[in-house]
Amino acid sequence: MNPEHSPLGKATVYANQYDASLLFPIPRAGAREQIGIGAPLPFFGTDIWNAYELSWLNARGKPQIAIATFYVPAESPNIVESKSFKLYLGSFAQTAFESADAVRDALKRDVSAACGASVTVRLATPAEFRKLQMDELDGLSLDRLDLDAHVYETDPSFLTASHGEAPVEETLVTDLLKSNCPVTGQPDWGSVQIHYVGAPIDHAGLLRYIISFRNHTGFHEQCVERIFVDILRACQPVKLAVYARYTRRGGLDINPFRTNYNQPMPDNARTARQ
């Protein structure tokens, strides 16, 4: 299915009963082909979705709420278009379920089917909300740099590394990522963390490269994969991980993670802007 056939940018009828058919899958392959990603993938990872507007009825008709987190493997053939995800979650609101476990099972079944891979789903109930803390991405901030930036279309020529110098291990972060929805043109705001081992990457060039996404159109997952492959090709690090946390829209935030080496799942603590 193509994005132009999705619910994005169209008049919406909100379902009042649970409806799994509202989920709109979009194949990953098309966007990957555009940036030269084929099989085998040069990375693995996860897309972490947090859903803050989930509610259903219990068996006695009383509304229940939870925050749902979805872990979608990067190896899945499809992503789910975000507005369709919102409409799907909204369809739970007037539907009775026996328990939170029954809701979680339905979410796992439906989203896994849409993505074409097994998706992990976790529900945080109100009793657990106090445990959900805010935090910022760890790393040296690129935003401290005082520099000129005038290029707002993706330009990987900014990416350079000093291959004559000793390898380093660095974690770099910036809050200046902005891209745009390819269907509606709405801005997507995010923070990105880049961890690598290899020749030192020029910090100013890396920040200018991230800033160059400002007029770029692409879904969150596609932007992170473009960042990953551009850095991998231009700077040739031995190890590379890219993790972005995008601000919420429609009750959902999307946080893609890509890496080429084994490591623990990144922390899902939301940032202040989320």
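Cβ coordinates are placed from backbone N, Cα and C, and glycine is handled just like the others.
What Swiss-Prot says about this one:
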- VAL80, GLU81, SER82, HIS220, GLU221: substrate binding site (BINDING)
- SER82, LYS83, ARG249, GLY250: NADPH binding site (BINDING)
- CYS181: active site, thioimide intermediate (ACT_SITE)
- ASP188: active site, proton donor (ACT_SITE)
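Following the DSSP three-state reduction, the secondary structure of GLU81 (substrate binding site) is coil.
The record assigns VAL80, GLU81, SER82, HIS220, GLU221 to the substrate site; their largest pairwise CA distance measures 11 Å. If you take the CA of GLY250 (NADPH binding site) and look 10 A around it, you hit none of the recorded positions from VAL80, GLU81, CYS181, HIS220, GLU221. Between the listed binding-site residues, namely LYS83, ARG249, the fewest other CB atoms within 10 angstroms of a CB are found at ARG249.
In three-state terms derived from DSSP, ASP188 (active site, proton donor) belongs to an extended strand segment. Counting every protein chain shown, 15 other Cβ atoms lie within 10 Å of the Cβ of GLY250 (NADPH binding site).
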